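Structure first, commentary second.
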């Protein structure tokens, strides 16, 4: 018989210690990785629930197992909330990740070998948008598009590539682009050649939900997102659409199950339902507005301190700092900031002379610090500290001084109070 008082600490001290150390790390480090965020205790409660015990292959009302009457309610709540939040008339909440949601879209809309137009990874795209090491690059004929000299999407080149290569699908979306995408323009280009427009809004879904960033759902044939990142829910994926045919929606459902997955993770779907409800609250909109304000505030300081920011600014939650002129690599910057308890990720910049394992830039995002309660003043102070470290990358005294400031501000703004 299982007893509810069973716990990891008493049973597996080695594992528990690592878990506790990670908890301390999150509280004592400033998190600036653009794809990371802190989810609410309500979401974690759902993920740690007995829903983890239930197999539920199929969809609500059409399961392959019995005993699904309550998990049907859970999944339907998540579906309905996703549709309401993003103005969609179709939602699939089962994908285990954003990449698996993207895989489902590819398999629903395309045949292996079909031509796809996707954003160049080196210009801000994502692995699943056509990287040769990913399924997308291995199974499909990928034609990349990118940004112009100003750091913004080159729509003229995109249109030229589309007319020349006649892709079956055009992908909008990014993992390291700080501008606003013109979804209507992308749909116009897709329609001109009879292609699908598929948008991966994983990075900006929270901003979209709050009305801070344009919603791609009215423009795209299909939209995917993760449920973490700016949306601040559990790690998982989501597929959305509006105005599509029943045939399209059946194809998408079949591409998720049984096409790419078996049983859904019902405890995660419950977490998604909680997060989607939280995203409808007025304070969520305030939070997302602050995310964007904090990113702009940080950019201002980097520019004042003589650092180059790709595209010269940001209109969302992230920005790229180009370190080529500073004779620094992203790897060096990442490591030095890490020693000061500031977590970023090294990132390739446009026309990067370094390999993806070294890079010439860092990506900075504000969802996590804003979740802690940082506003513009704290964001600017933090950006100044980062510049101090990068200006003196081999000076351990400077790094230790900044680390002390980081520990102090983390104590004042805990993740979980």
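Using N, Cα and C of the backbone, Cβ positions are placed for all residues, glycine too.
In Swiss-Prot, the annotation N6-acetyllysine falls on 54, out of 54, 160, 326.
The N6-succinyllysine entry in Swiss-Prot, when matched to the candidates 83, 138, 277, 403, corresponds to 277. Residues 23, 168, 375 are shown; Swiss-Prot lists N6-acetyllysine for one of them, 375. Each of the binding-site residues 55, 357 was ranked by the number of other C-beta atoms within 10 Å, and first place falls to 55. Fewest Cβ neighbours within 10 Å among the recorded positions 235, 242, 346, 375: that distinction goes to 375. When the Cα positions of 121, 125, 126, 127, 246, 355, 356, 357 are compared pair by pair, the longest gap among these (6S)-5,6,7,8-tetrahydrofolate-binding residues is 45 Å. Long-range neighbours of residue 121 ((6S)-5,6,7,8-tetrahydrofolate binding site) (same chain, six or more residues apart, CB within less than 8 Å of its CB): 127, 129, 130, 131, 144, 348.
The shortest Cα-Cα distance between residue 55 (pyridoxal 5'-phosphate binding site) and any of the recorded positions 35, 277, 363 is the one to 277. In the three-state DSSP scheme, residue 346 (N6-succinyllysine) falls into the strand class. For the recorded positions 331, 363, the ranking by surrounding Cβ atoms (within 10 Å, all protein chains) places 363 first.
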